[in-house]
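Take a look at the structure set out below.
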């Protein structure tokens, strides 16, 4: 029985913040725990970080903690934080000032906003048309009915609202995260190399930076962003709103092609198993979405609301893992049929003891279809390669005898359990 190589990123939220539930997610297949700093207090995030660190100690592998920055996204505040039901044709007012009757949107520059501009709420769930712009706010006509909830995101496609990839709150969040042992940063709304370099100056050289592509500018500067990042996330929610949903398919393919060409890992995110937020099985289209992401070469697939607030978080991870396993099995059979298999066809695992980054990258780029167990005392190695497909980072002191090292760390049966005693390995 082969191990699933594709990594699963889970957003931790109210449904999954306890130590017990995090342990269940890890056992189900979670490789990276994502903390979305657009929601929740730092105190709440600190408790989750502690719970993750306690829960991952018995996993036998490094489960990473990712801090997802707020970025320049606009978050609305409804009066008294209550949900607002809206109908098509209705006119709403948005205010830059806190108000008891208007929807509050702090920190937005309205100079570039004009009449007939489109505005979207909650990844496009609600579409609005600007009908009036004033000094302290603006009015919009609602184009489709729905529910507006407090703290949901707003998008202003094609409009400069004075945003920056890294605001003061983000800097404070990152400093807090570094102090408390986060493993990587997911940087929101990265639009150019300078955005990544600014974050690098904050985190130093030992924390990987994954750039989220979710704007037209990010798409335009994709290659330079990929070159200076440790990985790239296809953040399909905001990106779909920014570029138009009808263009999302080709954008996803282009991001994958450009980023993989530079040898960087890719995370596919947003609504991958969305229906499982409320029910215990995915839609057929979601199965195809996850499976095709694996076939296209994604290193990680990500859950957001499904694992943060969903009714079936653990079941969702298990189902996603099964879909990834099926896609990987199909991919390997296809490659065998085409005669494209290499050394991984004849071994059950590759073991790298105290290897260098270049050694690990070289083996990763050969696209083996078996686990690559990287045993290292370097926290940077463990962090960086935790988002690479097929690489299992394990903390430990390696030795020349890979078999002895695996047995000493209790890993041989756990990661190379293929139903035989004669496990075939290649050690590097």
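We count from 1, first residue shown onward.
From the backbone N, Cα and C atoms, a Cβ is placed for every residue, glycine too.
The secondary structure of residue 34 (substrate binding site), as reduced to three states from DSSP, is extended strand. Proximity of residue 34 (substrate binding site) to non-local residues of its own chain (separation of 6 or more, Cβ distance below 8 Å) is seen for 9, 10, 11, 12, 66, 68, 186, 302, given in sequence order. The substrate binding site annotation in Swiss-Prot covers 34, 237, 238, 270.
What Swiss-Prot records for 36, 37, 38, 39, 75, 152 is ATP binding site, and it gives similarity to another entry as the kind of evidence. Remark: residue 38 (ATP binding site) has 68, 70, 71, 73, 75, 151, 153 as non-local neighbours, by Cβ distance under 8 Å and separation of at least 6 in sequence.
What Swiss-Prot records for 36, 38, 68, 69 is K(+) binding site, and it gives similarity to another entry as the kind of evidence. There are 26 other Cβ atoms within 10 Å of the Cβ belonging to residue 69 (K(+) binding site).
Every protein chain considered, the tally of other Cβ atoms within 10 Å of the Cβ of residue 214 (Mg(2+) binding site) stands at 28. According to Swiss-Prot, the Mg(2+) binding site annotation covers 214, 238.
Around the Cβ of residue 212 (site 'Transition state stabilizer'), the same chain contributes 68, 71, 186, 187, 188, 189, 190, 218, 232, 233, 235, each under 8 angstroms and 6 or more positions distant in sequence. Residue 212 (site 'Transition state stabilizer') falls within a strand when secondary structure is assigned with DSSP. Residues annotated as site 'Transition state stabilizer' in Swiss-Prot: 212.
When secondary structure is read from DSSP and collapsed to three states, residue 69 (K(+) binding site) falls in the coil class. Within 8 Å of the Cβ centroid of the K(+) site, not counting the listed residues 36, 38, 68, 69, the chain contributes 34, 35, 37, 39, 67, 70, 71, 186, 188. Cα of residue 37 (ATP binding site) to Cα of residue 69 (K(+) binding site): a span of 6 Å. Annotation for residue 238 (substrate binding site): same-chain Cβ neighbours under 8 Å, separated by at least 6 residues, are 73, 123, 153, 155, 189, 214, 215. The separation of residue 36 (ATP binding site) from residue 270 (substrate binding site), Cα to Cα, is 13 Å.
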